[in-house]
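S.K.: Would you mind keeping the following structure in view while I ask a few things?
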Amino acid sequence: MKKIRLELVYLRAIICAIIIITHLLTQITLKHENMEGGSLVLQFYIRNIVIFGTPCFIILSQLLTTLNYQKVTYRYLTTRVKYILIPYILMGLFYSYSESLLTDSSFNKQFIENVLLGQWYGYFIVVIMQFFILSYIIFKINYNLFNSKILLLLSFILQQSFLYYFTNNTAFHDTVLHYYPLSENTIIFGWIFYFFLGAYMGYNYERVLNFLERYLVIMIVLAVATYFVFIALANGDYWNVTSFSYSLTPYNSIMFIVILGICTHFKTILFNTIQMISAFSFFIYLLHPIILDSLFAYTNIFEDNTMVFLAISLLFILGLCIGVGMILREFYIFRFIIGKQPYKLNINAY
């Protein structure tokens with residue numbers, strides 16, 4: 001029986017909330033499309049502070065894989081097709097239909113561009129599915145490769161080199177997009193280090209926890225330092241905020257480690273709520289952008305007080321997504337929409 005690791009339950013819930021906050025801050029920026037000067041720069045740096053959500057989900061996904069498995073069968077892939085890829089497609093169908101109505105455009109066009117090519121917020125699932133296949137291949141070769149410091153270093157060099165040239169070399173950028181058919185955000189070379197970092201941490205999980213018990217403060221200082229490095233490397237494009245950036249790789253990676261270290265100190269605080277957010281995190285990730293615009297139309301009245309705006313918006317989004325998820329959970333067939341984790345929740349029946 002797998003040991004329940006409370007720190008990972010808290011970690012998944014916090015990362016989920018961080019992604020929602022990222023999208024809420026984006027909504028504020030989009031509302032003020034004429035923003036410029038100091039206000040735009042401030043928004044840019046605030047948004048980048050919490051941009052680590054998607055990289056952290058990639059790290060966490062692979063950490064859980066190498067932590068819980070030492071060998072895998074073909075069922076490893078089929079399970080992920082059923083409970084990750086199929087929900088992605090089904091929610092994508094709903095999103096494409098709603099977007100076709102909203103924009104008075106073709107459903108087929110919306111589905112192909114968004115779901116098949118990954119030109120929507122769900123692109124992250126396309127990345128994750130590629131890494132599941134890569135993980136399966138490595139398991140079949142040798143599980144101990146996940147413990148390779150050389151592979152970890154090479155993946156860092158590959159990711160940083162790819163992102164640097166993709167961002168700064170027009171010829172390289174255009175050549176890649178000419179031959180790669182999907183959204184640029186789904187190219188795994190731009191995320192490959194996060195995959196191997198998660199794998200390495202999962203393989204050495206107890207050692208990682210022991211390290212964080214002693215050196216968490218140092219990691220927090222490093223997180224601040226790497227963010228200042230990002231500031232120094234900023235290119236002046238204050239509208240474009242993305243985690244698909246070489247200058248944010250160290251910061252994103254260290255923030256995952258920092259949050260994991262902080263979560264090791266949580267045992268019971270808001271545990272029932274945290275447990276539900278964690279269990280429904282995949283469904284929340286897919287559903288919340290669909291309702292975000294409508295909800296923002298109300299909550300933006302609190303925009304002048306950013307903390308109040310974020311707190312109320314986060315509460316409503318989590319409440320709506322979990323509420324819908326709890327209703328769907330009553331019917332086992334909806335595991336192909338909400339995933340299988342919600343069915344593991346220990347909820348008393350009356």
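Cβ from N, Cα, C; glycine included.
Straight from Swiss-Prot, here's the annotation block:
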type	residues	note
TRANSMEM	7-29	transmembrane segment
TRANSMEM	44-66	transmembrane segment
TRANSMEM	79-101	transmembrane segment
TRANSMEM	116-138	transmembrane segment
TRANSMEM	145-167	transmembrane segment
TRANSMEM	187-204	transmembrane segment
TRANSMEM	211-233	transmembrane segment
TRANSMEM	243-262	transmembrane segment
TRANSMEM	269-291	transmembrane segment
TRANSMEM	306-328	transmembrane segment
S.K.: Excluding the flanking five residues on each side, which residues at least 6 beyond the ends of the transmembrane segment (306-328) place their CB within less than 8 Å of a CB in that stretch?
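M.R.: Residues packing against the transmembrane segment (306-328) from afar: 17, 20-21, 24, 28, 276-277, 280, 283-284, 287-288, 291-292, 295-296, 299-300, 334, 337-338, 342.
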S.K.: What parts of the chain pack near the transmembrane segment (116-138), using Cβ distances under 8 Å and only residues at least 6 beyond its ends?
M.R.: 23, 54, 57-58, 61-62, 65, 72, 76-77, 80, 84-85, 88, 91-92, 95, 145-146, 181-183, 185-186, 188, 191, 195, 199, 285-286, 289
S.K.: Mind checking which residues of the chain, 6+ beyond the ends of the transmembrane segment (211-233), have their Cβ under 8 Å from one of its Cβ atoms?
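M.R.: Distant contacts of the transmembrane segment (211-233): 45, 48-49, 247-248, 250-251, 254-255, 257-258, 260-262, 264.
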S.K.: Apart from its near flanks, which chain residues at least 6 from the ends of the transmembrane segment (187-204) lie with a Cβ under 8 angstroms of it?
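M.R.: Sequence-distant neighbours of the transmembrane segment (187-204): 55, 58-68, 127, 130-131, 134-135, 138, 146-149, 151-152, 155-156, 158-160, 162-163, 166, 176, 180, 244, 249, 252-253, 256-257.
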